[in-house]
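Copied over from Swiss-Prot, here are the features:
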- Gly172, Asp173, Arg174, Gln175, Thr176, Gly177, Lys178, Thr179: ATP binding site (BINDING)
- Ser388: site 'Required for activity' (SITE)
Amino acid sequence: MSENIKPSEVSEVLLQQLKGIDTHLQFDEVGNVLQVSDGVARIYGLRNAEANELLEFENGIMAIVMNLEEDNVGAVLLGPTDQIKEGMVVKRTKRIASINVGEGMLGRVIDPLGVPLDGRGQIGGELCEMPLERKAPGVIFRQPVNQPLQTGLKSVDAMIPIGRGQRELIIGDRQTGKTSIAIDTILNQKSNYEAGKPVYCIYVAIGQKGSTVASLVNTLRERGAMDYTIVVAATAADPAALQYFAPFAGAAIGEYFRDTGRDALVVYDDLSKQAVAYREVSLILRRPSGREAYPGDIFYLHSRLLERAAKIINQQEVAEQMNDLPPSLKGKVKAGGSLTALPIIETQAGDVSAYIPTNVISITDGQIFLETDLFNQGFRPAINVGISVSRVGGSAQIKSMKKVAGTLKIDQAQYRELEAFSKFSSDMDPVTAMAIDRGRKNNQLLIQPQYSPMPVGEQIAILYCGTHSLLRDVPLHKVQDFQKSFLEMMRADHQKDVLDVLSSGVINDDVTAIIEKVAADTAQPFKVNE
């Protein structure tokens with residue numbers, strides 16, 4: 001047997017094996033858990049860790065660095081605290097917290113790290129890595145808001161118009177219809193999607209019940225809105241860190257669409273819960289607290305998030321130089337995109353002068369204020385027109401709507417005052433009586449059921465009837481019936497020559513003559529029956 005072994009063959013085999021040995025050493029910077037409690041771990045040994053860097057524990061759970069101290073690192077856990085023990089090994093990933101974004105995300109429900117929650121498998125297609133934290137575009141890369149974002153709600157589109165690239169706050173007590181306004185806005189983008197000009201929607205659920213999120217996703221799916229929508233969910237059962245990072249994940253996804261030249265809408269529902277989650281994390285990290293025990297940088301938290309909403313300049317060569325562009329987007333940047341933000345804030349007993357509400361009001365470009373009393377009286381959406389405002393949306397409103405509804409906001413505010421005075425007065429002059437009657441009827445016109453957004457052409461047609469006193473012969477309790485009959489007749493006989501023309505921003509004598517004739521014909525039976 002030994003005679004058959006040739007030394008040359010042995011040396012050849014040994015040489016082959018030696019060639020296959022990898023002599024490169026892989027160094028991982030690791031540390032150990034000193035202490036863990038309430039979703040925060042203190043780690044010793046990671047001297048070169050960076051702020052917002054992802055860390056990985058030996059059991060696969062991830063954390064994000066938030067505190068950099070002399071002898072240890074404070075990291076917030078993105079998984080269950082009970083699975084982390086003292087002494088566990090932690091390694092740096094050398095990656096700043098980010099999310100992988102792509103077209104395959106549309107129609108999916110994910111967590112703030114991009115992990116699917118809907119049981120429909122991994123997210124497919126090409127993905128770009130987008131950092132959760134990123135500087136907002138500089139002034140030179142922006143352009144003024146000049147294009148409308150139609151919500152499908154008459155009250156909003158007529159009196160508090162929203163433009164693409166705007167930040168419009170939705171504020172009110174619990175159970176006043178804040179989420180409904182945001183969901184109706186998402187549903188109203190279906191016509192844009194079908195026309196091949198989609199506004200991609202991102203709904204961020206922060207600290208809500210899992211059942212509420214599931215019901216909402218079901219509503220969007222039933223109405224065909226999930227085709228252009230992504231839901232980011234950090235429910236009440238998730239760690240505070242995930243609830244804190246959820247809005248940043250939504251902003252990062254929106255920026256992917258914005259920077260590739262498309263329009264996106266992100267809804268943060270709601271930032272009050274994010275502020276509470278951030279307060280919880282900050283207090284556990286022993287950061288100094290300020291007013292209402294919130295940390296000192298709570299204003300900066302919301303301002304740096306909401307400043308990321310913008311309308312990007314139309315010049316391609318300028319857009320390509322945008323500050324803080326992620327490497328994954330190089331070569332894919334297109335000019336003219338937009339990211340619109342609808343942050344939601346919950347107030348306590350209508351107190352808009354509290355700390356977080358005043359912060360966000362001062363950051364945003366306007367607010368839609370919802371009132372419990374109006375909601376309980378059946379005026380839905382329950383918008384208080386007097387203190388709701390849109391600071392930049394007016395320049396984005398289409399001309400036909402501006403012409404028809406230009407004075408509606410002031411008229412309705414004056415009607416409220418006149419009605420309050422009329423309670424103390426027994427006799428009224430005819431002008432005041434007429435103004436109050438018109439105000440009441442306009443109020444009825446502005447009532448809109450949930451999940452039934454209206455095309456802008458129909459909105460303008462029916463509001464023309466209200467603002468031009470075409471309802472004077474219709475009894476107050478019949479206004480809703482008049483609206484239904486009027487719009488049915490307009491859709492059947494005047495879709496192209498009136499409604500489509502109004503939608504394009506044009507209003508002329510021919511169009512108004514048709515509206516007045518149809519309104520007179522529709523009002524006739526209501527007048528007779530009275």
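Each residue's number is its place along the chain shown, starting with 1.
Each residue, glycine too, has its Cβ placed from N, Cα and C.
A 10 Å cutoff on Cβ-Cβ distances gives Thr176 (ATP binding site) a total of 26 other Cβ atoms nearby, all chains included. Each of the binding-site residues Arg174, Lys178 was assessed for Cβ neighbours inside 10 Å, and the highest tally belongs to Lys178. Here the binding-site residues are Gly172, Gly177, and the one whose Cβ sees the fewest other Cβ atoms within 10 Å is Gly177. Of all Cβ atoms in the shown protein chains, 22 besides its own fall within 10 Å of the Cβ of Ser388 (site 'Required for activity').
Neighbour counts of Cβ atoms within 10 Å were compared for the binding-site residues Gln175, Thr179, and the top value is held by Thr179. Here the Cα atom of Thr179 (ATP binding site) is found 17 Å from that of Ser388 (site 'Required for activity'). In this structure, Gly172 (ATP binding site) is part of a beta strand by DSSP. A sphere of 10 angstroms centred on the C-beta of Asp173 (ATP binding site) encloses 17 other C-beta atoms.
The residues near the ATP site, meaning same-chain residues not in Gly172, Asp173, Arg174, Gln175, Thr176, Gly177, Lys178, Thr179 whose C-beta sits within 8 angstroms of the mean position of the site's C-beta atoms, are Glu346, Leu370, Thr372, Phe375, in sequence order.
A separation of roughly 15 Å, to the nearest angstrom, links the Cα atoms of Gly177 (ATP binding site) and Ser388 (site 'Required for activity').
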